[in-house]
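**Q** This structure is in structure tokens; I'll ask about it shortly.
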Amino acid sequence: MKTVVFAYHDMGCLGIEALLAAGYEISAIFTHTDNPGEKAFYGSVARLAAERGIPVYAPDDVNHPLWVERIAQLSPDVIFSFYYRHLICDEILQLAPAGAFNLHGSLLPKYRGRAPLNWVLVNGETETGVTLHRMVKRADAGAIVAQLRIAIAPDDIAITLHHKLCHAARQLLEQTLPAIKHGNILEIAQRENEATCFGRRTPDDSFLEWHKPASVLHNMVRAVADPWPGAFSYVGNQKFTVWSSRVHPHASKAQPGSVISVAPLLIACGDGALEIVTGQAGDGITMQGSQLAQTLGLVQGSRLNSQPACTARRRTRVLILGVNGFIGNHLTERLLREDHYEVYGLDIGSDAISRFLNHPHFHFVEGDISIHSEWIEYHVKKCDVVLPLVAIATPIEYTRNPLRVFELDFEENLRIIRYCVKYRKRIIFPSTSEVYGMCSDKYFDEDHSNLIVGPVNKPRWIYSVSKQLLDRVIWAYGEKEGLQFTLFRPFNWMGPRLDNLNAARIGSSRAITQLILNLVEGSPIKLIDGGKQKRCFTDIRDGIEALYRIIENAGNRCDGEIINIGNPENEASIEELGEMLLASFEKHPLRHHFPPFAGFRVVESSSYYGKGYQDVEHRKPSIRNAHRCLDWEPKIDMQETIDETLDFFLRTVDLTDKPS
């Protein structure tokens, strides 16, 4: 049976050996070049392939059409992936008649994604395992073919658990590969409601936060012990690494991070105490805890800290253009909740941000981005992160004022993008789910879905193509000029302060605000073309949390990424949205102040939006990039969002002239 293999690390080597032992013919192996910044304690797939006389390749992008064509020419019967670090495109997966299979180091559906070995230790799990599953477009989501459980011992660290996983993988492949070869396998679909997903870890994720319980910190030490980079802390500005530790149920009133004793080296934690058994000062040698204390100059009562003492860092300056808008004002609230951000904002109004105007770390100027170009350029230069949130994003305006949409959404934003290139500033740019247009994929994927729009004589697409072209310009600046960027694509975010009822009165608002206005005024709810179009509605709090994590950019994981931010579980048609909103309205304590419900009315899109309008039937995001880059998933149910949005708007209505 001919196979093409994608492999890396020890698991890649043992997977190749297992295939050869089972009688598979390996036509080619795809692997990675080693990262010089990574400690290579594992076997070399490239060396093994060379020794076995198998062609081996390490392309930067195996999903490039040229490589897809070359793999197709190999005519594989089956494809295997053993710890290959990149997603393999569906075009490649479909080349093998018997399918494609991946070896994953966890008990799927738990711990999908990156670094499951480390994450199970960080989280204090007592069991993990290996899973062989069928590969599909979504990472680690295909049906399970075989699974083997292993116990995690209390004294296991990353390397001992790695060896256990390798041993289990050999057993699993030895048992399963012959069955795949003969087409005799039983597949079990994964339970999506049990799935968890984790992103990759970086050394910066491993600093010891002493306010946490000692057991949590001990698990961190276990998870990143040598040959991983280790857990670390600081004494003043001196960094040191903890290689091994023990938990002590020490009852102490000492502040977390305080040295309780130096022999043994015992540190107070949020709960209990952590003994540092072995460690290393700076780039020195490994030594036992009491010697480390002496080297670092520690005495009883000394304080450790998670960051260098001199880096009580300057607040990150964030420039938000369009700060009074729906996303801008909620994001401002989230940033000011922390103590390390300074927010600079510009907008043509301030009603939504009035609650921040006296905040010492919020600086607002009322103005228009098309007029205040000098102010904007100065503040792009001054700030660290730029979010240009100004745009016309209401569908009726696409057909009513297409040129104004282009001028504001494209031309003005292009100028800001070029300022970011000029001053080498990080830009977080709001793309849109609209760029996917009439894409027919079940899930809209940032990296693989086609962006499909209608003909030129349908001006409703001017917003979509303006945003798409800016996405491409930003991407090109990233590739050619080193622009640090992240593109995020909101999928139907909803919540309080989404537009306002006055905007809805002139038709210039999003769907839920328009529907609320209909209920408030006792006018029929208009269902455009029957309201069967489906969307995935996302609570503003979920969306803002994802956007906040993009700004935080832990480990620079968001650089150069496109990230959908949406809730694929909250899918509903516009008609269903209207029905849910109506039910919430009828139960609201202020209901008696408003006129009777006037019913639903079906209208044609051309009569509502104008003749240049086209709609799309569905728009569901893949959120695998959000899982991978942000460790994020949406949590808030659509009904809760509807209830809170409705309540907010009803309480803004002047009830003095309403019936009681």
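Yeah, the Cβs are placed from backbone N, Cα and C, and that goes for glycine too.
Keep in mind it's a predicted model, so treat the numbers as computed, not measured.
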**Q** Looking at the NAD(+) binding annotation from Swiss-Prot, with D368, I369 already listed, which candidate in D339, D347, D351 is the matching residue?
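**A** Swiss-Prot names D347 for this NAD(+) site.
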**Q** For the (6R)-10-formyltetrahydrofolate site that Swiss-Prot assigns to H86, L87, I88, V136, K137, R138, A139, D140, which of the candidates R70, R114, R149 is also assigned?
**A** R114
**Q** Could you list the residues of the same chain, at least six apart in sequence, whose Cβ is under 8 A from the Cβ of D140 ((6R)-10-formyltetrahydrofolate binding site)?
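**A** Result: N102, H104, L108, P109, R112, G113, H133, C197.
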**Q** Write down the Cα-Cα distance for V136 ((6R)-10-formyltetrahydrofolate binding site) and R535 (UDP-alpha-D-glucuronate binding site), rounded and given in Å.
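**A** Approximately 24 Å lies between the Cα of R535 (UDP-alpha-D-glucuronate binding site) and that of V136 ((6R)-10-formyltetrahydrofolate binding site).
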**Q** For the recorded NAD(+) site, whose residues are D347, D368, I369, find every other residue on that chain with a C-beta no more than 8 angstroms from the centre of their C-beta atoms, and list them by sequence position.
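**A** After dropping the recorded site residues, what remains is L321, G322, L346, I348, G367, S370, I371, H372, V390.
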**Q** Measuring Cα to Cα, tell me the gap between K526 (UDP-alpha-D-glucuronate binding site) and E434 (active site, proton acceptor) in whole angstrom.
**A** 22
**Q** Considering every residue in the region 'Dehydrogenase ArnADH' (314-660), what is the mean pLDDT value?
**A** 91
**Q** Quick one: of I88, V136, I369, A393, which of the binding-site residues has the smallest count of other CB atoms within 10 A?
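**A** Among the binding-site residues I88, V136, I369, A393, the sparsest Cβ neighbourhood within 10 Å belongs to V136.
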